[in-house]
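TrEMBL lists Asp24 with the feature active site, proton donor. The active site, proton acceptor annotation in TrEMBL covers Tyr118. Look at TrEMBL and you will find Asn1 tagged as substrate binding site. Feature annotation from TrEMBL assigns Mn(2+) binding site to Cys23, His53. The domain 'Glycosyl hydrolase family 4 C-terminal' annotation in TrEMBL covers 48-124.
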Amino acid sequence: NPAAIVAEACRALRPNSKVLNICDMPVGTLRRMSHIIGKEPKDLEVRYFGLNHFGRWTSVKDKEGHEYLPEIREYVAEHGYLTQKEVDTQHLDPSWQETHKKAKDLLAVDPRFLPNTYLKYYFYP
């Protein structure tokens, strides 16, 4: 994954620039979460911690402050991040589908937070 390489190149070439380099998987996973709860990603405020692949969500709220983490957690515990309608066309390959499904096992490791799917490769190589 080139995220760290790009981040280092930005730092080296433009040390005073304000650039945030992150893995795009949280964006795709947020689309899946929003589909699970019937909301648009732009209508949600999330809290996420970690660096690139080692991230977790601690909060998923709408603009009115309603917390959806318990509802999403319940869904993920049964289905992973798989959704009835495919909302993330970048990850249609069967191996990606398995990765999204494996999120239910990742959630079982630490049920307090919603996991980034990439943790699969560290916990279940």
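The backbone N, Cα and C atoms fix where each Cβ goes, glycine too.
Considering other CB atoms within 10 Å as the measure, the emptiest surroundings among the recorded positions Cys23, Asp24 are those of Asp24. Mapped onto three states, the DSSP output places Cys23 (Mn(2+) binding site) in coil.
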